[in-house]
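Here's what TrEMBL has on this protein:
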DOMAIN    20-53  domain 'Kazal-like'
DOMAIN    54-106  domain 'Kazal-like'
DOMAIN    109-152  domain 'Kazal-like'
DOMAIN    188-229  domain 'Kazal-like'
DOMAIN    230-287  domain 'Kazal-like'
DOMAIN    289-331  domain 'Kazal-like'
DOMAIN    332-377  domain 'Kazal-like'
DOMAIN    379-421  domain 'Kazal-like'
DOMAIN    422-468  domain 'Kazal-like'
DOMAIN    469-511  domain 'Kazal-like'
DOMAIN    513-556  domain 'Kazal-like'
DOMAIN    557-602  domain 'Kazal-like'
Amino acid sequence: MARCKGQRVKCKSACPCRKRRGHKSCNRCKTKKMVDVCGTNNVTYSNKCMARCSGIKVQCKGQCPCSPCKCPRIMKPVCGKDNKTYNNRCLMKCSKVKRACKGQCPCRGKKQRRCKCTRIYLPVCGKDGKTYSNKCVAKCSKAKIDCKGNCPCNKKKRCKCKKILRPVCGGNKTYGNKCMAKCEGITSVTKGPCPVTKSPSTPCICPLIYSPVCGHNNQTYPSHCNARCSNITVACNGMCPCRNDEKPCLCPKNYAPVCGSDGKTYSNPCIAKCKGITSVTKGPCPVTKSPSTPCICPLIYSPVCGHNNQTYPSDCNARCSNISVTCDGKCPCRNDEKPCICPKNYAPVCGSDGKTYPNICMAKCKGVSTSNGPCATTKSHTPPCICPRIYRPVCGTDNNTYPSECEARCSKISKACEGQCPCRTDVKPCLCPRNYAPVCGSDGKTYSNLCMAKCSGIISFTNGECSSNNKSACICPLIHRPVCGKDNVTYSSECNAKCQNVETVCSGACPCAVTQEECACPFIYLPVCGSNNRTYDNACSAKCSKAEVVCEGPCPCPEKQCACPFIYRPVCGTNGKTYGNECGARCEYVKLYNMQNMSVRLYFENSV
């Protein structure tokens, strides 16, 4: 229009024309942030500054052309059918493009929903003729279920039976109950499972589960499987003899052993009467070991002193040698000597044995002469030598047998050979595993495993323990949960007690504690020493035996200095002695008379 009228164009905008800024000021715009803008002249500038330098107003943010559509600044990318990614759905609609999928381009194929099923095997047969592991797997495969069980389906009339195990034998096949036999068209059945005919080449293998049953031959078998392997039908569950519906015999759990006329030891006369024993004698029956029956003890080192004044590795080892235990710990046993009571003041003296004692009284208690003041040179205290309670005997260079190599080292003795003394110089030491897989040697002795038999020079042997009569082997799991039998013998587990046809009186080692209610303790070995000078597995076992804990750790307790305040508040102990205060009585583990209500208080703390 300006040219038509013969006018020159001064600037491309409305009058008055703005003066164009210098080139130098526009150079500053290059340092600004680059955010595209669209000018009113439909030209895209790097930022607002560049547009203003050109004398152009900003029409909209972003590149030209400006969109007439206003959308929120939300970042939810979508992929359009033009295979372009838009920041959100609004911007895609403004571009008049339909959505292909959510998210950025390119669109991925639709994921199939994952099918999660358990690994339980309850097979079903689908209408496609395939067997599926369970209903869930069939459903995931979009297969309709035709019937339960493996394919092909039996189109006969379905039989519903109760899930009660009362085995019957019909047509040389064992069924769970009569109903299941009838469902298979079997009418003639006999009670009990069918006898198993074993071929000599096929061994009868049973799981190591102890669930005793009584056979029709009045013998106890470890499980139903063991009875079937012996071609024996089960008369009843549990050990023989089978119980009739008789009133149960209730007896106290006190231990007053008697020997019955049948040669068995019973915990008390009541239990003997319950077994139909009329003639009894006081005390347990004498233990007679058959040479073919090995005496097996757990590898636990808990020394005891026998009546022959010899130390045995454990209570079990002493019993195997027909030796009664005099006291816990190594020989000799400590006599109940009169305690030596001394004041708690500190006036050190030096004993003739080179040791410093807190006062003259304590030195006299040890039977040593003294001189005033502490000893000039005192021996450095060496830490105690602690060994694990494992019994693996070794022979020392001093020709003495030690319970383990650690015990020998503690005595500063080097190991000469493994095993008990004397060492065998002519034969190379035989190392065998400690598993129990018994074999019977040609010498009529039972060995723990094949290796033990070979080490003893046995060439011919048979599997299993030696026995004079053909009794089935008693298999027990290798679990150490000691129980006390009626014969007052501690067995490593209830199964081992039952294998010896011995009923259990209580859980834990003998003797049983006399309690009103059964005392259950955890199987944790944290030994404590009781007030009766016996070592218990833990504080709970001591409490169940009504024994007070004197100190932590096995007996005997280490001597500890008991510090008490110098306060004179005399108390009277049950031993007829007067103590300066309660603390002094506690240090001596003495009961106190409470003069207010004449009740007895028991102090069993071993430290103040």
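Cβ coordinates come from backbone N, Cα and C, glycine included.
Computed from a predicted structure; not experimentally measured.
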For the domain 'Kazal-like' (422-468), the number of residues DSSP places in helix, strand and coil: 6 helix, 8 strand, 33 coil
The domain 'Kazal-like' (109-152) - residue tally per DSSP class, helix then strand then coil: 6 helix, 9 strand, 29 coil
Local confidence of the prediction over the domain 'Kazal-like' (422-468), expressed as mean pLDDT: 75
Summary of DSSP states over the domain 'Kazal-like' (54-106), given as helix, strand and coil counts: 6 helix, 13 strand, 34 coil
